[in-house]
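This report refers to the structure that appears directly beneath it.
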Amino acid sequence: MEYHPDLENLDEDGYTQLHFDSRSNTRIAVVSEKGSCVASPPWRLIAVILGILCLVILVIAVVLGTMAIWRPNSGRNSLENGYFPSRNKENHSQPTQSPLEESVTPTKAVKTTGVLSSPCPPNWIIYEKSCYLFSPSLNSWDQSKRQCSQLGSNLIKIDSSKELGFIVKQVSSQPDNSFWIGLSRPQTEVPWLWEDGSTFSSNLFQIRTTATQENPSPNCVWIHVSVIYDQLCSVPSCSICEKKFSM
């Protein structure tokens, strides 16, 4: 069988022209394009990772910046609080009291030149309208009386049960000592008298006797802890001086 070329397919030189189907070429191109999408690198994942890293770095930078600002302020505050007195503490601080002073009811102090000051000498205790000195010196009753007089005071005169409670509370803290008070009598047969000459009333407290055959005339009075006794006036003992003042 002889091949007869189609004259329409001959070119100028007499060669036959070949025509391929364009649809197959298009299909190949599409497939290759789709294949390139599947085989493309994971750039989206890389972009997400880089974004997260940037966010973490930003958060760290903010935290470090906040700490850098806070530390100088806190250091300055600690210096002010640690080495300089607080004005609030100066305004609201109150003077401390000794245990002996805390056990009594405080009284109003006298104002002098705008400053509160005590109306009592040092080592004396204020109670109500009097100053009290619990002297540790061991003297006879007469010697204790003279000592109080030299200090511008007298051996204590107990006028009320409230004052008695105050005295008992003070001397109870010194259970090894007894204290002379301003109560005596010239002889056993006469009533007890205070230093100012007033008569003692047994309604206030009772005086326990220490009279014996060897010591029949204890004509002075002292207090030991919470009990009041008569005693020989010559026995050395501590004493309580009292000085009254006007408010």
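Even glycines carry a Cβ here, placed using N, Cα and C.
Summarising the annotation, Swiss-Prot assigns compositional bias 'Polar residues' to 93-105.
There are 19 other Cβ atoms within 10 Å of the Cβ belonging to Cys120 (disulfide bond). The disulfide bond annotation in Swiss-Prot covers Cys120-Cys131 (among others).
Around Cys241 (disulfide bond), the same-chain residues six or more apart in sequence whose CB sits under 8 Å from its CB are Tyr132, Leu133, Ser135, Gln147, Cys148, Leu151, Ser153, Asn154, Leu155, Ile156, listed in sequence order. The disulfide bond annotation in Swiss-Prot covers Cys148-Cys241 (among others).
Residues or ranges marked as disulfide bond in Swiss-Prot (evidence: sequence analysis): Cys220-Cys233 (among others). Cβ contacts within 10 Å of Cys233 (disulfide bond), excluding its own Cβ and spanning all protein chains shown: 21.
For Asn91, the entry in Swiss-Prot reads N-linked glycosylation site.
In the predicted model, the motif 'ITAM-like' (15-18) shows an average pLDDT of 53. The motif 'ITAM-like' annotation in Swiss-Prot covers 15-18.
Per Swiss-Prot, the feature topological domain 'Cytoplasmic' maps to 1-44; the stated evidence is sequence analysis.
It is Cys220 that, of the disulfide-bonded residues Cys131, Cys220, has its Cβ surrounded by the most other Cβ atoms within 10 Å. The Cβ of Cys148 (disulfide bond) has 23 neighbouring Cβ atoms from other residues within 10 Å, across all protein chains displayed. Here the CA atom of Cys120 (disulfide bond) lies 27 Å from the CA atom of Cys220 (disulfide bond).
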